[in-house]
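Here is what Swiss-Prot says about this protein:
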- 157: active site, proton acceptor (ACT_SITE)
- 40, 41, 42, 43, 44, 45, 46, 47, 48, 63: ATP binding site (BINDING)
- 34-301: domain 'Protein kinase' (DOMAIN)
- 369-398: repeat 'ANK 1' (REPEAT)
- 402-431: repeat 'ANK 2' (REPEAT)
- 435-464: repeat 'ANK 3' (REPEAT)
- 468-497: repeat 'ANK 4' (REPEAT)
- 501-530: repeat 'ANK 5' (REPEAT)
- 534-563: repeat 'ANK 6' (REPEAT)
- 567-596: repeat 'ANK 7' (REPEAT)
- 600-629: repeat 'ANK 8' (REPEAT)
- 633-662: repeat 'ANK 9' (REPEAT)
- 666-695: repeat 'ANK 10' (REPEAT)
- 699-728: repeat 'ANK 11' (REPEAT)
């Protein structure tokens, strides 16, 4: 809440006694805000502006009614301020906060929601399923809160335009003004105004069919169902239809098309569609209340979101630089001929021009790309021609548009004699191209130790870095050129320089599994546990890539087997997740810890379970690890196996002694998750090993509730045979039997 300030009195002619009813609301004027007001939303009866408060330096949203800019005593002004007072009293994380009223212009001052409304987001962004389900769930939480107030507060204008999103795409709903408006309207006026406001699609059929029908909580539930449809399909309901057609269709029991509902949608989304259909039932009495809706959306969201995050795959693209294309010239202008002739004899000129079948140069190539005859002659590889040209006054370090010098070209072409000639004429060994590649980089890339030695003898920087921080030693390690690496090391090259991502030459050699380079670098004193930017060591990379010999050598040399990366993954975690049995055993022999946890709380057993690696699971069980270790959301390995539907893994864990009745933070047991996934054998295994058929999660759902909701008769029969009770409500307001009756399956 913003700081309280002295309230200015409203014009008594405008609001009368309402000035005494504003409670703790602040009264603003336009002068309190900076001059620039940005229009962020516009509807039939209001506009929303973004403005910054001068003193508080904070952005606010100001909802103004264009028709209420003049001071007036109309009932609509009263309605506006009553809405503000009503909204200000509501404090909930998914309800937009009200800070006050604005006198000039007339409006309500609210918190500013950076991501705007859901109405603007749906047509412009492709939302992922977890985000869609979360938006639906958070909207249901907000509506459940409003309906739980005594007396219940009905929204009566629930639509994507009134569902606002913050920076992190979390929901806050707004606009509660329609309730008072409806009380002052006839049914005809209400429908006409709804059409103008764009809310006709969200009106339930009973409002069209019953003249004196007063809206109840079921009204909002119906509107919520249409919102669910819009979120799932990201389309407008009844697009292109006129007002009368919509009214007739809705009154007749027709709803937005379900053609977009695909069999490929996740199971949880199909269950959300089932909930949507129940919420827009033609009979208001059959629509669920928001308390049950919120419970169900919470269940679907929690079941959809696997708490497991895979360790990121390390991707190292082989670094390479290619020489420029020096197109052969066709003709030389008179000016270029004269320019060359001024410094070269006529016989020599003829010789220089004989560079290709066309026996000529192109003037535009020379000038536009800064390619000189010396570049062409070096690229042609003619030592004598280059020697002759260098005997005249030419720039030995001339650079093309991309920064290539003759020495760079000669080095990349592996022409040591040309390199020696250019160096004898003073060529700069450290002049780099536009990517920062010096001649020594190219020599290292090519494995050309002869040229590399020549360059070093003439002052080349052994630790020269290109633009991404790669040194010649990085390139030698990448390309497995042990000869160049030995030369660089003998010239005191830095053994552990970090490139832009933090990789050292040892990281690179370990990644590619170049055992000779790994031995050379480690033997010369390279830092074994150097960390790149994500804190992974060479051992992490070698394990992920399955480079057994590199791993063995690093461990023998003393590399830490328990080093953790930025996500808390050790090499053993990675081996477990990747299913690398031999490497896993090797790490254990060198003392790797079995109980280390990632930042999400996962042990190696969780990761092996998640990926279904039975050999590693048995190896861990033999090592007496905690089979019921709690990870993220207090999930055990058995929870993960049940969630994944891995029946063989579930049986393996149960046979090793895993607890079938462990409950995670929301009270879900492995049996709940197995029922949700529909894994028949997995359910049978759990029941055989003593799973509690009556286990309730924190909101009272039993496995039988889930089976009934899914309409899975076969599983429900198995549960009933195991003594599940289908006519007991437990902690929720409906029994499994009632859910089964409502299920369309």
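First residue shown is number 1, and so on along the chain.
Cβ coordinates are placed from backbone N, Cα and C, and glycine is handled just like the others.
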| Just the number: how many Å between the Cα atoms of residue 46 (ATP binding site) and the residue listed as 'active site, proton acceptor'? | 14
| request: Restricting to the same chain and to sequence separations of six or more, state which residues have a Cβ under 8 Å from that of residue 48 (ATP binding site). | output: 39, 40, 41, 42, 61, 62, 63, 64
| query | What same-chain residues lie close to the repeat 'ANK 10' (666-695): Cβ under 8 Å, and 6 or more beyond its ends? | reply | 267, 302-303, 633, 636, 638-639, 641-647, 650-651, 654, 660, 701-704, 706-707, 710, 712, 714-715, 718-719, 722-725
| Where among the binding-site residues 42, 46 do you find the Cβ with the fewest other Cβ atoms within 10 Å? | 42
| note | Per the Cβ filter (under 8 Å) with a sequence gap of at least 6 from its ends, the repeat 'ANK 6' (534-563) is approached by 311-314, 316, 501-502, 504, 506-507, 509-515, 518-519, 522, 528, 569-572, 574-575, 578, 580, 582-583, 586-587, 590-593, 596
| said: From the DSSP assignment alone, can you count helix, strand and coil residues within the repeat 'ANK 6' (534-563)? | reply: 17 helix, 0 strand, 13 coil
| note | Residues in the repeat 'ANK 1' (369-398) per DSSP class, helix first, strand next, coil last, are 16 helix, 0 strand, 14 coil
| remark: Around the Cβ of the residue listed as 'active site, proton acceptor', other Cβ atoms found within 10 Å total 23
| field | Residue distribution over DSSP helix, strand and coil in the repeat 'ANK 11' (699-728) | value | 17 helix, 0 strand, 13 coil
| message | Going by DSSP, is residue 157 (active site, proton acceptor) sitting in a helix, a strand, or coil? | response | coil
| remark: Reduced DSSP state (H/G/I helix, E/B strand, rest coil) at residue 46 (ATP binding site) is coil
| field | Arithmetic mean of per-residue pLDDT over the repeat 'ANK 9' (633-662) | value | 95
